[in-house]
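The block underneath contains the structure these notes are about, expressed in structure tokens.
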Amino acid sequence: MGNKIHAGFTFTPSHARSLDCFVCLLVLFSFRSTPPHGRHPAIEPTLLISHYYRGQMLGTYNGDSKAETDGKDNSICHICSDVATGRHYGAIACNGCKGFFRRTVRRNYEYHCRFESKCEIDKHNRAVCRYCRFMKCISSGMRDDQVQSERDVIGKREKKDNMKTYCQDPTPRTSPELTMSPVEDEYDQLLESLLKSEMTIQSLRDTVITQTGNVEYTTKSKNRLSHTDRTATLNDVLKSMHSQLLLVIEWAKTLPEFKQLSGADQAVLLKNFAGQHVTLCVAYRSVGANDALKLLNDLYIPRASKTTPHLKEYVDGFYLRDCEKVMDQLVEPMRFLKLDNKEFVALKACVLFNPVAPGLSNHAVNLVLNARRKIFAAFEKYVRVNKPLETTRVGDLTFFILTPLSVLSKSISEDIMFTKVSGVARIDVLMEELILAETDYGEDRQDQTPCSIMNDTPSGSQDMCSPCPEDLLRTSTSSNSPTNSSLTAGLLLKTDDAMMSGIGTQYTTPQPHTPQFADSSHLNLPYAPFTSSYNQYPNTYS
């Protein structure tokens, strides 16, 4: 055969494409290693065969290969464009994509794409969307029928050894798959319980409003463009704040971790938390408002620039000079980040359980720290599962909301203190105990018995003492039912108008099932908080 080949003919890779093993043997025995007539060098037979098999490995000589049709470089992976290591399962691929395809087929994994199966797969983000990566493996030529069954002898031996250890160890153990599910469920139940606590307070508030019967509800649409006709007065603001302080105590008593603490430690947490609670709640309630702060009683504190001329003087001299800071530093971030209900209740509970609150006992510090860690872990898990694309959301919520909260709440406490010392308004004992705890005045009162301080009232009016935190914490809350009437009985719901506007008011403690008020005309109970939220409870939140 070699004697009949023209001396000027030279084999090229295109000629070698059709060679098989038999032809390679013929070439090996037929070709001469010396050039005929000394004109053209003859191809080395061993190099020809080596080149042939190398082409088979890289797909150069495969007529079905995509490398010839689409011009792809066989040195890069056709899936992620990383450095290819050869043909794996029918496609030019790297070791990473080869292993990914093998694991997916062997373990019957099912993936789903969140972006309409249009993810771009490259070596930098190939692990972002497994569905699109697997589909690209298939479109690049990988075949699942070429994946052999798993033959991991070492892995089987390790599994047998682990089984022997498990059988010999008297301590029961569970696999990670079994232990993760209860933890995930516990986190979900924790957030649900926090929402239930909000529902408990809402149910209590609705019950009292129904029994009172004279609370003023707004007659205008919730989507009204103007709310200047609902501008709050100083008396309205203090009434709303007083009611919110009463309800936050009842909210705290619905939390199991809070009830494990002693009465003294509970009072410490509430004094540290009350001002931040008022600020955080009014900010979250104002997310749906139009450049204003919305109070519990459905009234508004507008910006100074939004007020009418006859209200300008009132706003300029208003004690809440930091209202606009709350709008800018809390309301706007909440609106921008679209803070939802579960995130809000989780952040609120984290603020309550502050392990560095001054005055906590050593035993309470560990309990409070564990409670905060547990709630924050549930918060992180919720964000990770429900908002996976916002990888920095936990940090954004923490820094943009919780960071300015403490500073703003202390500023508001100082504003309230200013109204007291300037004689603009009288502040009741409950506010002094909770809101003014962070001010110099509150620190001077630490050695005084809470309810021994009677508020001055005008002549002719009756002296009275607002319920202090210690008294409210001692009330009975034996049942955890959201609609339990004992909650209504335990809460001394009243608004001390004498402490705010100089008008004497009498009240009686509501009794179980039939709460009664001696003078309900002076009662200004809070409306449902978070009116722009909690859509999952349409019958409760208005």
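Backbone N, Cα and C atoms are what each Cβ position is placed from, and that goes for glycine too.
Residues annotated as zinc finger in Swiss-Prot, with sequence analysis given as evidence: 77-97, 113-137. The domain 'NR LBD' annotation in Swiss-Prot covers 186-438. Marked as compositional bias 'Polar residues' by Swiss-Prot: 448-464. Per Swiss-Prot, compositional bias 'Low complexity' is recorded for 475-487.
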| By DSSP, what is the split of the zinc finger (77-97) into helix, strand and coil residues? | 3 helix, 7 strand, 11 coil
| Reported in the order helix, strand, coil, what are the DSSP residue counts of the zinc finger (113-137)? | 8 helix, 0 strand, 17 coil
| query | Taking the domain 'NR LBD' (186-438) alone, what is its mean pLDDT? | reply | 80
